[in-house]
Amino acid sequence: MLLGPASGSPSPLLASLTLPARPLQPPLDLKHLLAFHLNGTTPLSLFPNFSTMDPVQKAVISHTFGVPSPLKKKLFISCNICHLRFNSANQAEAHYKGHRHARKLKAVEAAKSKQRPRNPTTNGTVVSSASPPASGSPGTPQSKGPASPPLGPSLQLPPTPDPSAGDPVHSAGDPVHSELCDAAASSSSSSCPPCSPDPSREAPGPEPAEGAVGSGVNGEGRGEKGRLYCPTCKVTVNSASQLQAHNTGAKHRWMVEGHQGAPRRGRGRPVSRGGTGHKTKRVIGNRGGRQGPSPPFHCALCQLHVNSETQLKQHMSSRRHKDRLAGKPPKSSSQHNKLQKHTALAVSVLKSKLALQKQLTKTLAARFLPGPLPTTAAAICALPGPLTLRPAATAAATLFPAPVLGPALFRSPAGAVRPAAGPILFAPY
């Protein structure tokens with residue numbers, strides 16, 4: 001160890017020695033170790049080559065290091081007409097192109113068209129007849145005569161055609177059209193001379209009349225559609241033939257008579273729809289059927305209505321009708337009465353069987369095995385070696401008395417039951 005005076009300057013010997021210098025350790029900082037910035041908010045700032053990465057790596061990195069995006073509300077696509085909700089636009093598009101949506105849409109449009117107020121037919125006729133002549137077509141040639149002053153808005157009507165032409169539309173005599181023509185003639189007589197019939201203006205005359213006829217037909221069709229409904233039965237039909245068939249049917253007559261529900265159709269049961277009157281209504285209501293009431297097939301004695309003469313003959317030859325003629329009371333052929341009879345018979349049979357069983361058990365219990373059981377076992381053990389059934393007077397008398405079981409049942413057979421064997425010793429336990 002070298003000792004020297006303590007001085008501020010280093011000694012030359014120490015300066016000549018090469019000592020390893022200790023590196024200064026700054027505080028540990030992750031920012032110097034990592035190749036990316038920690039303060040970045042997007043994966044692009046963390047990874048410089050993010051744009052050149054594989055799409056799968058991009059998705060993983062953006063899912064791991066990316067900023068969580070705010071939750072987006074899921075958009076629901078729904079159909080208000082069919083009351084359905086879809087998960088995607090493809091499902092919605094397929095539904096809108098389908099038959100179900102088209103049918104619902106047609107039904108809604110039909111209901112809306114029925115709810116719209118209908119204009120009166122007279123106003124439609126006046127407008128349709130007055131509008132075409134007012135707006136003259138540019139292609140029609142004008143007459144060469146002097147131009148007459150224009151008529152008022154209420155007087156701009158097509159001139160009446162020549163009666164020799166025989167127009168079927170105007171020969172019908174529309175009252176509104178005739179009144180307007182009279183008013184036009186009376187008012188224009190003082191203001192302008194009567195105009196000569198112009199062929200260019202006569203041409204569009206029948207068209208508005210035809211339009212008026214068409215609108216009248218449409219109005220009648222709508223009214224007829226509104227009438228295809230039976231308020232009594234609350235039934236709507238599609239055509240007049242269906243409505244007529246419904247009015248002649250049994251259900252409609254049943255509801256008209258004031259009954260509730262549908263008529264019962266029972267075979268052989270009395271029907272409360274009436275006799276002669278019912279048949280008369282049915283024949284009159286039929287289209288092109290026989291006129292006059294048909295003969296009623298009715299048995300007054302049995303209060304029964306049938307449909308044909310053959311059924312009436314079969315009823316007359318039946319036992320039910322003959323019993324009524326003989327004065328016998330009617331037999332109730334209901335299933336309830338039959339079941340009651342069967343159950344009563346079965347109960348009586350069971351009661352008799354139970355009584356017999358009780359009596360037999362009492363008799364056997366009183367007469368069977370009168371002595372104690374050890375005495376009977378000792379008597380059996382006292383029998384000889386071969387097991388042969390021999391009549392024993394005392395045993396037979398004690399075990400089976402004469403009135404119940406006679407000794408003839410216990411006769412010994414001709415030979416032994418089995419070959420001779422050694423003696424058997426009965427040892428309980």
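A Cβ is built for glycine as well, from the same backbone N, Cα and C atoms used for every other residue.
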Of 18-48, 297-327, the range Swiss-Prot tags as zinc finger is 297-327
Range annotated zinc finger in Swiss-Prot (choices 225-259, 330-364) is 225-259
Contact set of the zinc finger (77-107) with the rest of its chain, CB cutoff 8 A exclusive, min separation 6+ beyond the ends, reads none
Across the zinc finger (297-327), the model's average pLDDT, rounded to a whole number, is 88
